[in-house]
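Worksheet: one structure, shown below.
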Amino acid sequence: MNVFDQIKWNDQGLIPAILQDNNSMKVVMMAWMNEEALSKTIETKQCYFYSRSRNKIWLKGEESGNFHNVVSILVDCDIDSLLVKVNVKSGISCHTGRNSCFYNEISDNGDTINIIEEVLKDPKLIYKK
């Protein structure tokens, strides 16, 4: 049995992929993969994902230049989520120009969500659309 048969894909044929910077060990983003995206990721050592809104495969860094090189891919104990360890050469993982997509923090009392990470590069300079 191959790895694709062992993975427990959700009812849409997807699996969540959590990306972790291999150097800092910081979680930098989460995106969805289908079988094609995971296959391309394994084959090329670049991160491919499935866009649910656009209904297509996309390569991380294709538009921004912020490519993520795969170091290793781990599967959780239930075989229903992935941890992808990556090298983030540019230091930017989020489309907002930040290091991580997880830059909002819920306050201790739960009243507010606060931005805890600054923008490294203006997204208008990253995405020239």
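Using N, Cα and C of the backbone, Cβ positions are placed for all residues, glycine too.
Remember, TrEMBL labels are computer predictions, not curated facts.
The feature domain 'Phosphoribosyl-AMP cyclohydrolase' is assigned by TrEMBL to 29-103. Marked as Mg(2+) binding site by TrEMBL: D76, D78, D80. Marked as Zn(2+) binding site by TrEMBL: C77, C94, C101.
On the backbone, the CA of C94 (Zn(2+) binding site) and the CA of D78 (Mg(2+) binding site) stand 28 Å apart. Cβ proximity to the Mg(2+) site centre (mean Cβ of D76, D78, D80, cutoff 8 Å) flags the following additional same-chain residues: K8, V75, C77, I79, S81.
C77 (Zn(2+) binding site) has a Cβ environment of 6 other Cβ atoms inside 10 Å.
Here the domain 'Phosphoribosyl-AMP cyclohydrolase' (29-103) has, by DSSP, the following mix of helix, strand and coil residues: 10 helix, 29 strand, 36 coil.
Neighbour count (other Cβ atoms within 10 Å of the Cβ, all protein chains): 7 for D78 (Mg(2+) binding site).
Predicted-model confidence for the domain 'Phosphoribosyl-AMP cyclohydrolase' (29-103) is 96, expressed as mean pLDDT. The distance from the Cα of D76 (Mg(2+) binding site) to the Cα of C101 (Zn(2+) binding site) comes to 21 Å.
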